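Straight from TrEMBL, the features:
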- A:62-109: domain 'NADH-Ubiquinone oxidoreductase (complex I) chain 5 N-terminal' (DOMAIN)
- A:126-393: domain 'NADH:quinone oxidoreductase/Mrp antiporter transmembrane' (DOMAIN)
- A:80-99: transmembrane segment (TRANSMEM)
- A:106-124: transmembrane segment (TRANSMEM)
- A:130-151: transmembrane segment (TRANSMEM)
- A:172-190: transmembrane segment (TRANSMEM)
- A:196-218: transmembrane segment (TRANSMEM)
- A:239-260: transmembrane segment (TRANSMEM)
- A:297-317: transmembrane segment (TRANSMEM)
- A:363-385: transmembrane segment (TRANSMEM)
- A:405-433: transmembrane segment (TRANSMEM)
- A:454-475: transmembrane segment (TRANSMEM)
- A:481-502: transmembrane segment (TRANSMEM)
- A:582-601: transmembrane segment (TRANSMEM)
């Protein structure tokens with residue numbers, strides 16, 4: 001288990017040292033610990049297959065209630081996701097050396113990536129829910145720091161705050177969900193909690209899992225807490241690759257997979273998860289079809305693809321969802337790194353400024369083509385296999401087999417999943433055509449970046465293309481012929497529609513195929529504006545009201561009592577004006593009253 | 001013996017400064033004395049027997065006023081030890097800060113701070129109710145002068161409000177303590193805690209609890225008794241704010257842990273829901289008030305209302321985990337808010353203002369070290385796991401999830417939910433503050449200003465706080481190890 005601790009600890013140490021080390025040492029401190037963690041993770045994944053799950057506890061922290069056990073574990077799930085995280089993190093760190101070579105604040109940037117990686121690895125390997133929560137929240141902060149890396153621009157700062165706050169809102173629910181599970185099980189250890197699930201009442205399980213879903217929706221950018229992810233594009237592009245592929249958004253799906261027995265025992269939660277997934281899947285895909293910013297297209301596609309994973313979990317295939325998590329991690333990281341290379345070459349995020357780039361970018365073009373093919377689910381790219389597993393399972397669930405999902409919800413998810421395949425193909429084709437084909441801007445001399453950028457792209461292209469075949473030896477992860485024919489057909493249909501529109505007029509945006517839906521899709525269905533009106537403005541108004549009330553009412557009462565005391569003192573002062581005659585009169589009056597009182601009361 | 005030295009060394013040292021010849025050594029004097037006291041407190045922590053943290057250790061118990069049965073009874077246990085070390089540390093760091101940035105009338109300030117230190121330490125080591133009260137009161141006088149003499153433009157009014165408000169609280173507290181004495185016939189806090197209020201009727205306990213907790217709540221401060229705090233903090237000089245937030249507020253909550261809850265269990269049970277309600281109102285109210293503040297120092301002051309709300313919520317659950325949460329939160333808040341006030345002072349020293357709109361922004365660009373430290377402190381204060389602020393808040397919420405016997409669970413679930421919402425609002429105002437002050441481009445008005453980044457003295461004063469915030473955050477067991485057994489004994493819960 002020392003090796004697992006090392007996997008988590010190495011990037012953490014890299015971050016801690018890196019933030020104090022100078023600019024020159026920073027690249028080494030960024031890549032070497034992460035790379036070492038990658039090698040160890042790969043070894044662990046290999047060894048784990050033979051040795052089986054393990055767990056070790058460092059110490060038990062007494063809290064006065066259920067204790068926290070500081071423990072790490074290793075099983076098939078954590079070994080696989082651990083490899084994904086370290087692979088992507090190493091690629092991102094390497095790529096950043098080239099991408100950020102002009103950046104004066106590179107050292108802190110790289111240190112935060114290392115911290116981010118370490119936090120995600122803690123989530124992956126934690127064997128105790130509260131230890132997991134530590135990693136879970138630290139990721140939120142790292143995303144804040146990295147999204148806001150270019151903080152000179154206020155918009156980036158706002159995007160960073162939004163990412164932190166929206167995910168934190170979900171995390172409050174997540175923490176309460178941990179409380180429910182931990183107190184009912186009498187332990188926060190994941191093993192103990194899962195062992196206690198059969199003994200828990202359905203009400204407890206539904207409450208716990210619903211609360212957990214709040215956190216999952218926040219981290220994995222599911223409706224209704226998805227709005228931070230598209231804005232998170234404010235960060236440097238390699239950060240997007242990190243957030244979208246390996247950390248943060250993967251954590252939400254991971255935790256459902258980790259606690260899957262609890263979710264399976266709570267059918268209402270699965271229904272909710274499925275409905276949210278259906279909404280997010282299609283809505284985000286439509287928004288991606290309308291967006292002009294290349295990174296935003298990819299961001300919305302992440303929301304949509306994560307919804308596929310959530311749907312797979314709801315429909316009863318943990319393995320399928322994790323499979324898609326892995327392939328998506330590979331091809332989405334690839335897509336973002338390619339997008340970074342494109343943006344690096346063009347100097348703009350907007351697809352309007354791009355076009356005809358396939359000549360200048362001999363590595364990026366084929367690599368990104370592979371990425372888009374995987375995203376569209378075209379065989380033999382990896383996305384085809386994993387997405388098909390999920391679609392096939394939702395189909396079976398709709399047919400009444402498998403998970404305890406309500407039938408109409410299963411049908412809804414299945415239908416939406418197929419439609420979304422077509423929309424996904426449409427926006428992928430649109431982005432691909434508008435970036436690499438058509439007329440090239442005359443002033444542009446696009447060329448590839450340095451080797452540190454090109455090599456990670458080339459390396460990631462391999463799993464993005466081939467990882468799908470890794471599922472073939474396992475019964476649950478093989479493509480299902482009728483369903484895969486249907487989804488490939490849907491995908492081709494979507495691509496053809498956009499291609500036809502583009503052929504007719506390569507100068508204009510094929511997003512026009514959206515028709516009357518286009519303005520709404522461009523605004524991502526006005527969710528941001530609604531949230532602003534519903535939450536942000538009322539809270540701000542309430543805050544101003546509080547300050548006024550604090551001054552006028554609460555402190556007003558205090559000052560008022562002070563004034564009353566001074567006033568009363570003023571009245572009493574009049575009695576003591578130094579007039580001896582008045583004093584003697586007072587004394588005599590007192591004597592008189594006492595005498596009368598004594599006589600009368602006797 | 002060490003507890004006696006903790007009190008007498010700063011007092012004698014303060015007296016020594018009255019010698020006119022001491023004028024010349026004043027700059028290093030406070031540093032040396034407070035360093036010595038810090039060493040003593042560390043020696044106390046080192047000799048502490050961690051196998052039995054619930055027992056009173058290093059005890060001194062001699063007759064003081066035999067006619068009134070008053071005893072000079074000092075000692076430490078797991079409840080007070082962390083606060084003793086925290087107090088000694090913060091005072092020493094204040095002197096380090098002052099060494100780098102001497103204030104006017106340095107000798108008088110040193111005397112005031114040393115007397116203050118004696119009072120604060122005395123409060124935490126006293127084991128006799130009246131002695132506790134005496135030290136509790138001793139603190140007010142030097143703090144009054146610190147605010148009134150070295151404070152900002154509105155210092156007079158703030159100082160008067162501070163002393164009158166807290167004296168009023170003390171008067172109520174004294175009535176409660178006397179009621180306990182009248183009913184039980186003893187002032188010994190160890191005896192009282194051991195018997196858990198036997199010999200007091202329920203009605204008397206409730207009355208005594210309302211008086212004691214009410215008096216202490218002014219100091220904590222609990223909503224709606226908090227309004228002295230923003231003014232006092234805003235006007236106080238940096239070292240005053242640091243000690244006010246870092247230690248003085250803790251005296252109120254320490255009293256709750258030491259006197260109100262263990263001595264008056266039935267009173268606590270009856271009043272706890274009210275305490276909880278005021279606590280969560282304070283959390284949300286404080287956060288909302290922070291969200292609309294324009295002044296950095298005032299915002300940090302209001303943030304204390306919210307954070308101490310979590311501490312009070314911990315007490316209100318009447319569970320071991322809630323008490324642990326409260327004690328943890330106390331120490332964490334002392335470290336983090338102490339650091340925040342140091343930083344706010346550093347900002348004010350440089351820019352001459354702590355108004356956020358005037359500051360403009362871009363501090364990370366202009367003063368990268370100061371900006372980074374401010375970011376660190378703000379993130380620690382908003383309760384990021386892995387830093388000290390998290391555990392107190394998390395455990396308080398966990399306590400509210402399953403409150404003590406006899407308390408309404410649904411009510412406490414509501415408290416928990418509101419508290420959880422409060423953590424989001426807390427994050428919101430700190431992030432908005434960071435965005436306004438540290439992000440963006442530096443304002444044009446500061447273009448020609450000379451703004452030095454963090455100095456060596458400042459770094460020496462601040463880095464222990466940063467390090468401890470990290471250590472306690474990454475290893476919460478370091479504190480829980482000491483508090484948990486003691487808390488169980490205080491609540492009468494046998495492990």
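Glycine is treated like the rest: Cβ placed from N, Cα and C.
Contact check: the transmembrane segment (A:130-151) against the transmembrane segment (A:405-433) gives fewer than three Cβ pairs closer than 8 Å, residues 6 or more apart, which falls short of the contact criterion.
Below 8 angstroms of C-beta separation, residues 136, 166-178, 180-181, 184-187, 224-226, 252-253, 255-256, 259, 261-263, 265-266, 268-269, 272-273, 276, 310 of the same chain, each at least six residues beyond the ends of the transmembrane segment (A:196-218), sit close to that stretch. When pLDDT is averaged over the domain 'NADH-Ubiquinone oxidoreductase (complex I) chain 5 N-terminal' (A:62-109), the result is 90. At the 8 Å Cβ threshold, with sequence separation of at least 6, the transmembrane segment (A:454-475) comes into contact with the transmembrane segment (A:80-99) through 3 or more pairs. Sequence-distant neighbours of the transmembrane segment (A:80-99) (same chain, 6+ residues past either end, Cβ-Cβ under 8 Å): 7, 11, 27, 30-31, 34-35, 37-38, 41-42, 44-45, 106, 109-110, 113-114, 116-117, 120-121, 124-125, 236-239, 241-242, 245-247, 250, 254, 322, 325-326, 329-330, 333, 337, 340, 344, 449-453, 455-457, 459-460, 463. If one looks beyond the transmembrane segment (A:481-502) by at least 6 residues along the same chain, the residues whose Cβ comes under 8 Å of a Cβ in the stretch are 376-379, 384, 387-388, 391-392, 395, 418-419, 421-430, 433-434, 438, 510, 512-513.
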